[in-house]
Structures are given as structure tokens and as C-alpha cells.
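Among the features that Swiss-Prot reports, xanthine binding site is placed at L20, N27, K156. Per Swiss-Prot, 5-phospho-alpha-D-ribose 1-diphosphate binding site is recorded for A128, N129, G130, Q131, A132.
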Amino acid sequence: MKLLEDKIKSEGIVLPNNVLKVDGFLNHQVDAQLMFEIGKEFGRLFKKQNVTKILTVESSGIAPAVMTGLAMDVPVVFARKHKSLTLTDDLYTASVYSYTKQTSNQISISKRFIDEKDRVLIIDDFLANGQAVSGLLDIADAANIDVVGVGIVIEKTFQKGSQIIKDRDIQLESLARIKALTDDGQVEFE
């Protein structure tokens, strides 16, 4: 998606250890118009999958997931990273490691919001090592729901995350595919 690649080139910051900082438009401040276009594109790419729900992980996946839900006219359910008083014990859970935060989180989704009749599309901001997607796939397996696709805003193709999805023969669509983050701060796209 050229619009997204241009935004990454102009505002993304390459940090050490293959980290791409995009907090100016995706995961701190959100460019709503860009998210709207991202949602429309995911809606187009997964149109034939008869999606009934979208799953994501809080918090950076929420903006693109909501815009995709709007484009597809389906609800969005996000996995919570922290248990709150409003979350009951009737939950699907999975453990997810965050490379950028160097922590593990127990993600949870209430059993009230997903069931085995659902055809789920997973949307997330980044795909690198595949931990967040893997956690959502674990929850989908526990709920016995059909995952019909995974939509990623930014994929680091030089890391192994996509293999988890390919091994399960799930449609994967990444709007920006990065093949390298260079030492001099450049982003190289496929």
C-alpha cells in the first residue's frame, strides 16, 4: 500500500535491534485518515472470506481493526492484556511475548464475544516474530473458531512471524512488507 509506505518513509524512525518506531501515526498518535484507508484496503482484500468478527490485541491493533470492522460491517473484539474488574473468569487466554517491551502478557477474550460459528479475521499493527498472532490463533483454537485471514499493517519479512500463518494455510495480507531496516536508518520495502 503506497500511502502507508510513504508514511513509513516520511515518519518512521529506525531504532537499534530492528525496531521501527511509528508512534506518530500508528501506535501512539493515530492518523485517522490513514487508518480509514487501511480499513478499506483490508475490507477489499478479505471481502470473499465472509468474516463475522475481527480479533486483535490491545492497544495498537485496535485502530486498524476498528476501521476494518467499519469497512466490513462486523464487530471487533480485542484481547485484553491486563485483567480488570469487568473481565469475568469465563475467558479464553494465551501467553504472548512482546519483543519491543521485553515482557510477557496473558491476553484474554471473554467467551461471550466469540463462538464456534464465527469466521474470524485477525488484524494487527506489526508482524515480526508472530507472538501476538500466535496468541490469537491459540485463543481461536480453544474457542474452536475458524480463522479465515490475518491482516497486518506492517510486516518485517526478514523475521519469521509469517511462517506461523503459512504453516496453517491462512490467508495473510500485509499492507507494508519490510525486507530490511538498515544501520543508517533506512527502511527497505519488498
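Each position is counted from 1, following the chain as shown.
The backbone N, Cα and C atoms fix where each Cβ goes, and this holds for glycine too.
Structure coloured by features recorded in Swiss-Prot.
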{"residue": "L20", "record": "xanthine binding site", "DSSP (3 states)": "strand"}
{"residue": "N27", "record": "xanthine binding site", "DSSP (3 states)": "coil"}
{"residue": "A128", "record": "5-phospho-alpha-D-ribose 1-diphosphate binding site", "DSSP (3 states)": "coil"}
{"residue": "K156", "record": "xanthine binding site", "DSSP (3 states)": "strand"}
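If you measure from the Cα atom of G130 (5-phospho-alpha-D-ribose 1-diphosphate binding site) to that of N27 (xanthine binding site), you get 17 Å. A128 (5-phospho-alpha-D-ribose 1-diphosphate binding site) is surrounded by 23 other CB atoms, counting those within 10 A of its CB over all protein chains shown. If you take the Cα of K156 (xanthine binding site) and the Cα of A128 (5-phospho-alpha-D-ribose 1-diphosphate binding site), they are about 5 angstrom apart, rounded to a whole number. Neighbouring residues of the recorded 5-phospho-alpha-D-ribose 1-diphosphate site, listed in sequence order and excluding A128, N129, G130, Q131, A132, comprise Y97, Y99, F126, L127, V133, S134, Q159, G161 (Cβ within 8 Å of the Cβ centroid). In sequence order, Y97, Y99, Q159, K160, G161 are the residues of the chain that are 6 or more apart from N129 (5-phospho-alpha-D-ribose 1-diphosphate binding site) and have a CB within less than 8 Å of its CB.
The C-beta environment of A132 (5-phospho-alpha-D-ribose 1-diphosphate binding site), restricted to residues of the same chain at least 6 apart in sequence and closer than 8 Å, consists of V57, G61, V96, S98, D124, F126.
On the backbone, the CA of N27 (xanthine binding site) and the CA of Q131 (5-phospho-alpha-D-ribose 1-diphosphate binding site) stand 17 Å apart.
For Q131 (5-phospho-alpha-D-ribose 1-diphosphate binding site), the Cβ neighbour count at a 10 Å cut-off comes to 20, with all displayed protein chains included. When the Cα atoms are compared, A128 (5-phospho-alpha-D-ribose 1-diphosphate binding site) and L20 (xanthine binding site) turn out to be 11 Å apart. The local packing around L20 (xanthine binding site), expressed as other Cβ atoms within 10 Å of its Cβ over all shown chains, amounts to 19. Put simply, L20 (xanthine binding site) is 17 Å from Q131 (5-phospho-alpha-D-ribose 1-diphosphate binding site) when counted between their Cα atoms.
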